[in-house]
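Taken from TrEMBL, the feature compositional bias 'Polar residues' covers 81-90. Residues annotated as compositional bias 'Acidic residues' in TrEMBL: 292-303. TrEMBL lists 315-326 with the feature compositional bias 'Basic and acidic residues'. According to TrEMBL, the feature domain 'TFIID subunit TAF5 NTD2' maps to 117-245. Feature annotation from TrEMBL assigns region 'Disordered' to 56-90, 292-344. What TrEMBL records for 374-415, 447-482, 489-520, 531-572, 573-606, 615-647 is repeat 'WD'.
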């Protein structure tokens, strides 16, 4: 067909592919002037033909190569930028070989902005694309709308970098109102960058530059977009798509607006699906076996209460838990864990006895809540922790002190001084009692040592040690026998926002303003692992119950799960619209709950790497999350002065985690989380900073009364 042929020749000429043009012309026996004469007629009579020829049909394309067709009118320079985008665009189904570059230095990153498009046309380009997306079919519109924000930012930064300040300003003013409400904070930062010099030292900027913004789009929507940009010869936008966006294409139905809204909002878009494919051993380790002595008094006590029946089956239940190996558990020796001491075994026995008397919680049987209010905390309460056996409570304060209280009638005693210890008969039976100093016993001990506000505290499982981390960049280990500081761990150069002991002791994790989390062992001066990958402060850290994984929440609005064994990131969860401030693993290790400044609690299935629930109700930052001991109830505490209880069993039952959902991330969250809300409990004026379930499922909450 002569017309098509002419169109193809035109396309080749425009793309500067002279040799191909010559060959084709010789084959078709068309002479130069002949082509020239018919160009005009073709251009006017069928502009559609040229465009169709430019986009090779999607059916028989070689895997990932058709993406590199330059748009019509592409000059050799933009052709260069397009020559190998197949590395940036992965198709679902094949393993993407995307090379992760190390953080390049600032000037190299910014120089990507040197391609000078015509600054006056940027508004036109953007509004053209906006018009196209708004006029596309509903099913594609939601998906393609994800492009607005990253393109807006990159085009604005490109204008600023190339010193078109007035164009940048008018571009910003014209389009910033169209962006989703959850990008408001980012846009505020952006609006302050109005000169090239501002871009040099700006971290947010750099992150946006270096990390590709990830969009998850169905193949149909993507083909539609590509065709539009190539017809319009819209090189500037196409360059940005190739250069700075990572489009994760999946086969299947496009996602709905609310499915997309649930997952987006982080600093770098969504997580690539590849990021959540690695196997995670989320099962629990087998408990060591030892005999549980049954006390006679316990038996009688139960009988007096008139419910002897209940105790027996529960007892077996506790014993039988440890017999079977969980199929999803990591190998017992995957990471070295400390040996159990005799005191640990005693504690386990106590724990089992308490567990036998544990209240079975559920929608019909909610826990009692005991609230510890810090009154007159004019020092500024910044962190709280409670020991596993609920005997001690610690507060970290903005005046750089750490204060430990005994919550039981037993006072806090420290070991006697060396001079007094030398007088003790070491052979006596009660030597452990004698070494404790009764004279200085008190309900409260104050630990001095930090030189800045204390943002995180954590008791060791055996209650012999306490960790605290501070704005001064250090993590300190305190002895609860002598109430003195044993070690200061220096590794972070900036404030450390959170720290937590492993459930088995010995290891602990810290996260801070330097955007990394560090894994430490109490007897090592240097960190054992450094978990790097977040694009902003690591605001909270949590160990998985099996101690093989660590979850970190960050101000980049993502949650990452790290493997302690090799330091790899095995999960990236996106969906929160603000910095993450609380994390909690379910007792069975399968699920993770996260809370953020957006007032939402999101629930994640760790094995499948999927969001499985969203709990709406809080109106302010969620600082505390805790599952009850058997995982039936999730408690959340917030700056809105409430504690809310949610039905965790119902939230996690009959989850649809079929292969399709896992492959495409089409999550279907229930419309209404109100039927999962079991209760809301207000305080007078006390934001909730910490929650803790005792071994018998009494809920303890803590916070400092604020007089405003």
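Here the Cβ of each residue, glycine as well, is placed from N, Cα and C on the backbone.
Nobody curates TrEMBL annotations by hand; they come from automatic prediction.
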Beyond the flanks of the repeat 'WD' (374-415) by at least 6 residues, Cβ under 8 Å: 347, 350-351, 421, 435-438, 440-459, 461, 463, 466, 468, 470, 472, 478, 480-483, 689-690, 692, 694-695, 698, 700, 702-705
Chain residues in Cβ proximity to the repeat 'WD' (489-520) (below 8 Å; excluding those fewer than six residues from its ends, i.e. six or more beyond): 337-338, 452, 455-462, 465, 467-477, 526-532, 534-543, 545, 547, 550, 552, 554, 562, 564
The repeat 'WD' (531-572): DSSP-derived helix, strand, coil residue counts: 0 helix, 24 strand, 18 coil
The repeat 'WD' (447-482): DSSP-derived helix, strand, coil residue counts: 0 helix, 19 strand, 17 coil
Number of helical, extended and coil residues in the repeat 'WD' (374-415), per DSSP: 0 helix, 20 strand, 22 coil
Average pLDDT across the repeat 'WD' (374-415), rounded to a whole number: 92
